[in-house]
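Please read through the structure below; I'll follow up with questions.
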Amino acid sequence: MTMPMNQTLLARASAKLGPQASMAIGLLVLAVLLAMPLLHLLPADNALHVSAYSLTLVGKILCYCIVALALDLVWGYAGLLSLGHGLFFALGGYAMGMYLMREAAGDGLPAFMSFLAWTELPWYWYGTSNFLWALCLVVLAPGLLALVFGFFAFRSRIKGVYFSIMTQALTFAGMLLFFRNETGFGGNNGFTNFRTILGFDITSAHTRAVLFLATVVLLVASLYLGWRLARSKFGRVLTALRDAENRLMFCGYDPRGYKLFIWVLSAVLCGLAGALYVPQVGIINPSEMSPTNSIEAAVWVALGGRGTLIGPLLGAGLVNGMKSWFTVAFPEYWLFALGFLFIVVTLFLPKGVIGLLRRKSS
Amino acid sequence: MRATPVPEFMLEPAYDPSGSGRDPIGAGALASKGLNVRHGTILTLEDINVSFDGFKALTNLTLYIGVGELRCIIGPNGAGKTTMMDVITGKTRPDNGVAYFGETLDLTQMSEVEIAQSGIGRKFQKPTVFEALSVFENLELAQKTNKSVWASLRAKLTGEQKDRIDDVLQTIKLDASRQRPAGLLSHGQKQFLEIGMLLVQDPQLLLLDEPVAGMTDAETEFTAELFKSLARKHSLMVVEHDMGFVGSIADHVTVLHQGSVLAEGSLEQVQADERVIEVYLGR
């Protein structure tokens with residue numbers, strides 16, 4: 001007898017794995033993540049020193065984990081496959097990048113604007129030298145876009161593959177827009193050469209450590225939020241919406257509000273992840289909006305196991321870990337490996353890696 | 001002096017025992033609070049027309065359901081039974097015609113969600129439950145309560161609501177499977193779960209599309225008893241092919257044919273009707 005594909009409650013998963021065992025693994029991973037930035041502060045000749053490269057790499061993967069979790073909330077729970085989440089991630093990143101560019105430029109214009117011989121800032125750059133306003137933009141830019149897009153899409157009852165195609169088109173349109181120099185976001189070079197954040201040197205060990213810790217905190221907070229949502233009646237309504245939307249409507253629920261809420265929440269989470277990604281990686285450009293990035297995020301979720309909270313994190317971690325190893329060892333074969341992995345998961349692991357772990361333990 | 005004749009549309013439809021299809025019955029039964037049923041009619045359909053790409057699914061359909069009535073709808077395949085339910089629940093908009101719930105709610109102007117919230121529950125032809133959720137959770141979602149996003153985010157079951165779900169679980173005999181995912185239930189159990197979801201939703205009018213399909217004889221008998229106990233407090237409209245089942249529950253039967261009412265009356269009456277025999281036996 002097969003279990004239904006989704007598990008609404010994380011509790012069911014941990015009950016099978018043994019609550020103590022999964023709790024212990026979770027705490028161990030968290031402890032390692034918290035220790036990493038501290039070890040980075042050790043002198044470079046110390047045996048336990050974590051290099052800036054590894055710290056940045058793990059920080060980057062943690063940001064991707066947040067994206068995977070956000071995507072899973074809309075795909076795994078509400079059944080809306082978005083192939084445009086890279087757009088929300090990039091918008092959050094650009095909002096943070098605007099602040100970093102202003103910080104680097106001091107009182108003058110950001111360098112790319114001087115190259116274009118612009119004499120004043122476009123109106124939407126107004127106030128971006130203020131960190132708090134930049135943070136607001138990090139939430140507002142992806143949030144408002146998702147709100148408007150979602151409002152019209154859900155009102156017209158667009159779903160399934162049509163919804164996926166439209167999100168894909170949206171991120172592609174975003175990419176083309178940001179590639180233009182006239183848009184005022186640095187064209188195809190995007191933003192780079194950041195110097196300071198809140199006055200602290202962006203490349204210093206302490207700044208890196210703090211940014212890394214902030215990412216860990218955001219990840220844990222999103223996980224907690226997802227857990228609370230999945231356990232609430234709201235989460236059960238989302239699952240019902242995914243499986244039998246008509247039935248739910250005849251029960252008296254309006255699906256539009258539910259979809260819109262989770263869709264906007266997911267976009268905002270992506271934006272926050274993007275905002276933490278940019279200062280750690282040191283660059284943001286329109287290629288972050290390319291459709292392949294968004295599709296790759298869907299691969300992480302499918303591979304890890306959608307409809308669960310831990311699955312997408314595993315998926316994002318595994319794929320990106322492999323990617324960074326592969327692109328060093330056999331750079332030309334990475335895309336083949338990714339495709340192969342996706343086929344294997346689709347054919348043999350419909351519930352993803354987490355499904356495999358569960359089957360083993362039960 | 002010449003008396004001005006009252007235009008026909010202003011007259012109450014008169015009670016016509018011969019079964020012309022224009023006889024609201026059940027007058028006098030009490031409806032739950034909140035719905036205006038002054039004249040004892042809970043559902044009014046008048047001259048409904050629906051066509052899909054030129055195919056006329058419903059033609060001048062006129063039908064009244066009285067408060068507290070248990071009405072069976074029968075008719076051959078393609079007679080328009082499901083389309084009629086779609087019109088009542090707002091899934092399909094009629095090309096023209098009048099559809100009222102109670103005296104004041106115009107069903108043609110309301111969305112599916114508004115119609116459900118105002119008190120019309122529907123069971124689908126194919127049992128549709130939330131397969132990934134447990135039996136208990138299915139009933140929890142269906143239960144009558146505030147169904148907005150904010151309410152769901154902070155919803156917690158009260159003791160009273162839990163008792164109500166427990167009662168219904170007993171009634172539909174699924175108490176032992178309350179924690180099982182609904183997707184693992186048998187076909188008959190899913191039928192009962194869906195009926196249970198309607199019960200906790202507590203609608204005033206229940207539309208049931210082939211409720212006993214795939215049930216054993218014992219289950220069918222039990223369902224008949226259940227429906228009979230629901231009538232009076234609720235109004236029921238049951239679409240069914242199983243004539244034995246119809247005979248055991250219905251006090252009033254409507255026969256649909258090619259999108260309009262062919263005959264109406266007790267089961268014996270309609271079974272004796274020449275036109276009905278012709279339609280069913282194809283003479």
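Glycine is treated like the rest: Cβ placed from N, Cα and C.
Heads up, TrEMBL stuff is auto-annotated, nobody curated it.
Pulled these from TrEMBL:
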{"type": "TRANSMEM", "residues": "A:20-39", "note": "transmembrane segment"}
{"type": "TRANSMEM", "residues": "A:51-71", "note": "transmembrane segment"}
{"type": "TRANSMEM", "residues": "A:77-96", "note": "transmembrane segment"}
{"type": "TRANSMEM", "residues": "A:108-125", "note": "transmembrane segment"}
{"type": "TRANSMEM", "residues": "A:131-154", "note": "transmembrane segment"}
{"type": "TRANSMEM", "residues": "A:161-179", "note": "transmembrane segment"}
{"type": "TRANSMEM", "residues": "A:209-227", "note": "transmembrane segment"}
{"type": "TRANSMEM", "residues": "A:260-278", "note": "transmembrane segment"}
{"type": "TRANSMEM", "residues": "A:298-321", "note": "transmembrane segment"}
{"type": "TRANSMEM", "residues": "A:333-357", "note": "transmembrane segment"}
Are there at least 3 C-beta pairs under 8 angstroms linking the transmembrane segment (A:209-227) and the transmembrane segment (A:260-278), leaving out pairs fewer than 6 apart in sequence?
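With 3 or more qualifying Cβ pairs, these stretches touch.
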Give the nonlocal contacts of the transmembrane segment (A:161-179) in its own chain as ranges (CB under 8 Å, at least six residues past its ends).
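Answer is 80-87, 90-91, 94, 149, 153, 185, 187-188, 190, 285-287, 289-291, 294-295.
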Given the cut-off of 8 Å on Cβ pairs that are 6 or more apart in sequence, determine whether the transmembrane segment (A:298-321) and the transmembrane segment (A:20-39) share at least 3 such pairs.
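Between the transmembrane segment (A:20-39) and the transmembrane segment (A:298-321), which are separate recorded stretches, there is no contact, as judged by 3 or more close Cβ pairs.
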Can you name the far-off residues of the same chain, 6+ from the ends of the transmembrane segment (A:20-39), with a Cβ under 8 Å from a Cβ of it?
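Contacts with the transmembrane segment (A:20-39): 13-14, 48-50, 54-55, 58, 62, 208-210, 212-213, 216, 220.
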Counting Cβ pairs closer than 8 Å, which of A:51-71, A:77-96, A:108-125, A:131-154 has the most of them with the transmembrane segment (A:209-227)?
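Looking at each of A:51-71, A:77-96, A:108-125, A:131-154 in turn, the most contacts to the transmembrane segment (A:209-227) are made by A:51-71.
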Taking the transmembrane segment (A:131-154) as reference, which of A:51-71, A:77-96, A:108-125 has the most Cβ pairs under 8 angstroms?
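By the under-8 Å Cβ criterion, the transmembrane segment (A:131-154) pairs most with A:77-96.
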Can you work out which residues elsewhere in the same chain, 6+ from the ends of the transmembrane segment (A:108-125), have a Cβ less than 8 Å from its Cβ atoms?
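For the transmembrane segment (A:108-125), the nonlocal Cβ contacts are 98, 101-102, 181, 184, 186-187, 189, 191, 193.
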